[in-house]
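Feature annotation from TrEMBL assigns [4Fe-4S] cluster binding site to A:C28, A:C32, A:C35. TrEMBL lists A:14-226 with the feature domain 'Radical SAM core'.
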Amino acid sequence: MAQQNNGVAANVTHTQPLWLLAEVTYRCPLHCAFCYNPTDYDKHTQNELSTEQWIQALRDARKLGALQLGISGGEPLLRDDIEDIVVEAKKLGYYSNLITSGVGLTEKRIQAFKEGGLDHIQLSMHDITEEINNFITNTRTFELKKKVAAMIKNHGYPMVLNVVIHRYNIGHIKEILEMAEALGADYVELANTQYYGWSLVNRSQLMPSKEQIDHAEKITNEFRAKVGNKMKIFFVVPDYFAERPKKCMNGWGEVFMIVTANGDVLPCHSARVLPNMQFPNVRDKGLEWAWKDSPAFNKYRGDSWMKAPCRTCPEKDNDLAGCRCQAFLLTGDAESADPVCSLSPNHHIIEKAIEDAKNPQLQAQPIVFRTDKNSKKIIAGELQERVADFHALP
Amino acid sequence: MQNTIQHTDIYAIALHHRFQWEEAQQCYVILFPEGMVKLNGGAGEVLKLVDGQRSVGEVVASLQATFPDVPDIEKDILAMFDLALGKAWLRKLN
Ligand code: SF4
Ligand code: SF4
């Protein structure tokens, strides 16, 4: 295994995993076209961690300094032990957040979460129109989401809405914000699609044009000025349209730790796409070793692994060369500059995607929805015409 | 924008926010949906006393007693209230 950054110095990390994301299951009743779960998630639906293993992981991560806990998936509510996980999180002093599509949230469960000490619930919404909600999620969930939103509010929870933005709903930003206001949202995150997993496979269908994004941002700013502090609105700018890449996860192994359904411990959601990496698993040596000493977590800490032009770039501390997964998925080289950067020798790949987004009819292929069936197909090497452009998709 | 803080005002930590001591970081933190702030020593000492009971004046008096050698501590405390209110970490009770 190639380990460039596994010297003595790398073992002395003073970083703490302040954010712990528990992706407790990859099972999900929805089939979102923009889902960033791995396309081969079907492999990991049979070997989920037990309740006891999750509780142990929570305890170990807390000792390492974890504070913010996201309980996510897939759809976490497909597990019937979220109540137990919530109680333990409260006991340990986490600020806990359930990230849900709303499917499976009942009065009984939300009451148990409240009593157990869950701090907030983040609900995903998709559009103001039933058609687009149902189309993009490939399910009939529109009415249900509105009901769940009311339930969250009734139980005294802050209303945190997350709306993934793509070409099908970007024209409705104003209406989406109005809906959020009417529902009494306290926080709204307009998250432009990032292209990993299923959303990368469906990029030609999902990616809006630069003009659409600029327009959406302008409307968002106007709305924000109008509502003030009452509703906090975050507009997450898509990195494809920036000059410089994002400082992905705020740095590899710096503040984020993800434990996946089968116990793999990752520095970011999509890290498993990277080649020649062996990620630690909570079932082996535990979280402290995973965070501090595992070769995988140390591999891209610091900057000694960087190549030109990043290695000598005066801006390298700002973005740490961007996202390793994006670099690999689009260029085949995980250590190259994130192609989003205009200084990257591979930047033309991004420019082409942006150009293609101007002529969506010419480029768009049918959506591959996130379903067990499609995941199995991709694992079996089918759908090659859709995945061949991107590295690391099986 | 300056919020005008009165000595008689009573504040509490804002809804959906939690203020706690963090052993691993050795500091106080404020936690809220999607975020957290690590507080420096002085800010932590002020917010520790913001409990929905004490007035601003009482917080000032208490800290003056604890830190008699810090000159003009009142000004710093009021500035801290101002900042915390601006960030919506606090809510006013009266
Ligand atoms: S993005 Fe959609 S399909 Fe993917 S986990 Fe979330 S709700 Fe399920
Ligand atoms: S060249 Fe590399 S380090 Fe410099 S700005 Fe671009 S991605 Fe960042």
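Heads up, the Cβ atoms here are built off N, Cα and C, so glycines get one too.
Recorded features from TrEMBL, shown on the structure.
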residue	record	CB count, 10 Å
A:C28	[4Fe-4S] cluster binding site	24
A:C32	[4Fe-4S] cluster binding site	23
A:C35	[4Fe-4S] cluster binding site	23
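Listed in sequence order, the residues A:L30, A:H31, A:F34, A:N37, A:G74, A:S101, A:T137, A:W198, A:R370 complete the 8 Å Cβ shell around the [4Fe-4S] cluster site centroid, once A:C28, A:C32, A:C35 themselves are left out. A:C32 ([4Fe-4S] cluster binding site) carries neither a helix nor a strand DSSP state and counts as coil.
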